[in-house]
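This report refers to the structure that appears directly beneath it.
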Amino acid sequence: MLLALVSLLSCLLPSSEAKVYSRCELARVLQDFGLDGYRGYSLADWVCLAYFTSGFNTAAVDHEADGSTNNGIFQISSRRWCRNLTPNAPNMCGMYCSDLLNPNLKDTVICAMKITQEPQGLGYWEAWRHHCQGKDLTDWVDGCDF
């Protein structure tokens, strides 16, 4: 019984294997996940977003005054998209917020793709609207080998 409880808790707790990606390393990973051109957004859009939301840090968590959190490399909000300890909050991505802290980015990309399907697209993220939207983003992927 104790082993089952420990196993369950280990799934719910964030991974201690935080990763801060380099610009080109992240661009390659996001390209491998198929984000280049997804919903009309370039790879550079996604890399720019990641930089201005988390500094490329997969373990970034921002705690809000209302008890919600913004999680992972894209700072995905627990108010709507993932489950943290807040009961009855929507969980549109169907995952725990701690899943968004995994350095392999699989769950993060799945959730980000779901968010981008909303009418706002990447405009959902204030950081993208202020720092990336409508700007020349070629430098974000310039010099990266794909």
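Using N, Cα and C of the backbone, Cβ positions are placed for all residues, glycine too.
Remember, TrEMBL labels are computer predictions, not curated facts.
Residues 11-15, 17-19, 29-30, 33, 35, 58-59, 61, 69, 71-74, 76, 78, 81-84 of the same chain lie 6+ residues outside the domain 'Glycosyl hydrolases family 22 (GH22)' (93-111) yet bring a C-beta within less than 8 angstroms of a C-beta in it. The domain 'Glycosyl hydrolases family 22 (GH22)' annotation in TrEMBL covers 93-111.
Annotation comment: TrEMBL describes 1-18 as signal peptide.
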Is it possible to list how many residues within the domain 'Glycosyl hydrolases family 22 (GH22)' (93-111) are helical, extended or coil according to DSSP? 11 helix, 1 strand, 7 coil
